[in-house]
């Protein structure tokens, strides 16, 4: 076993000394790596009893198989290490015991080597005893140092508490420490005490109050000192009085604090009751009021429960916290009525009354608007056609080839008449709605009379225009008095009839001639 350990340790040191580029090239370093891994596996085997392998098998195995063996050892080893770390975190004192065991194991290994080299076992036992005695002395020293550190920490905490109580009163100009020093100096001057030695007295008192027996002795000594101070004494006694304080003569305002480790809960309660007995009723009331104020301030400053924070979202409250609370929701929709016997009976009565009255209130369907226009009814002529079949085909082809010359239908004539009436209406509306005259629209078929161009102008020269040559009767001729039908003479009736005929002929001449409808039927 010693040879395996030595060879594995040497291989491990060799791997540490090799440079990284050497691993890339094929060399004998793979054998060193395998022996080093075997060495580490054997070292970790005692700490991992759950490992299924006693040793690392590397002969005839490739790198992946070796890594799998190491992985099977490392997984339970990590769990055991975590458990050990947790155990040490709970009990830190076990780390020292573990260190002692490690020292003993190392000493035993050294003893074995010394036995192999020829040393006596008695010498080794003496050395072990010396080491144990040194360890015990070192432990005692460490414990004393720890106790001193704890005492210093407690003193610092007491000073911090005092400073924290006075923070609300102090400011830039007023400080309580300076006030206390000033008062102590005044008291020292009154009683002839040296004020410079007060720090030494405070340290001495703290040392004397560490144990109960020492406290009693110190109280006796202080009483003697007080008696000597009033009675007078030698120079040595005056030096002792120089270290005295005001609290030594008249008693302190606050009780001395003892170690919390040495006091039980009953003793702490007794000390608090003693301190409260010395306080007046006004001071006790102030203490109670101060404690209530502190509790209320703490309640206001501490984060409130999520149920007391008003409107809150799911992201701001703990997970699944709403399952334990009865929440009130505000619904916008009207809740469904609870179905009871009264509700069902009223519904049945309502249905029966509607059936008797035949008042079913069926939903009326909305009328559908026509999506397509009505088809035009074709005009059918039952009369026999006078044209031949060839003429009919010719007329249809001519209509398809020249749609402009297609014969007008009755609907086309109606459309044309409607457009003419609308134009006349628009002309009259334009004349009524404008301050100036609106000219007539351009006539489609315009006749060009044989007249000089200057005479056709709207504003013609005086020499050319005929306005100056016309008589007033020609410019404006009155129609005369309007006569009733019974007042007309025979000549008036003839004249009126001639005017009507003249107008009718003029209108018929301007209108296009109407084509006669073809009443003939087509030949089959």
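Note: Cβ is positioned from N, Cα and C throughout, glycine not excepted.
Owing to the predicted nature of the structure, the values given are computational and were not obtained by experimental measurement.
Record features (Swiss-Prot):
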- 131-165: coiled coil (COILED)
- 257-302: coiled coil (COILED)
- 109-168: compositional bias 'Acidic residues' (COMPBIAS)
- 169-180: compositional bias 'Basic and acidic residues' (COMPBIAS)
- 181-191: compositional bias 'Acidic residues' (COMPBIAS)
- 196-207: compositional bias 'Basic residues' (COMPBIAS)
- 210-238: compositional bias 'Acidic residues' (COMPBIAS)
- 271-283: compositional bias 'Basic and acidic residues' (COMPBIAS)
- 480-493: compositional bias 'Basic and acidic residues' (COMPBIAS)
- 494-504: compositional bias 'Basic residues' (COMPBIAS)
- 505-517: compositional bias 'Basic and acidic residues' (COMPBIAS)
- 100-243: region 'Disordered' (REGION)
- 259-283: region 'Disordered' (REGION)
- 479-524: region 'Disordered' (REGION)
- 85-92: motif 'Nuclear localization signal 1' (MOTIF)
- 373-380: motif 'Nuclear localization signal 2' (MOTIF)
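Remote same-chain partners of the compositional bias 'Basic residues' (494-504), defined as residues 6 or more beyond its termini with a Cβ less than 8 Å from a stretch Cβ, comprise 488. Taken together, the residues of the coiled coil (257-302) have an average pLDDT of 74. Counted with DSSP, the motif 'Nuclear localization signal 1' (85-92) comes out as 6 helix, 0 strand, 2 coil. Assigned with DSSP, the residues of the compositional bias 'Basic and acidic residues' (480-493) fall into helix, strand and coil as follows: 7 helix, 0 strand, 7 coil. With helix defined as DSSP H, G or I and strand as E or B, the compositional bias 'Acidic residues' (181-191) counts 11 helix, 0 strand, 0 coil.
Counting residue by residue with DSSP, the motif 'Nuclear localization signal 2' (373-380) contains 0 helix, 0 strand, 8 coil.
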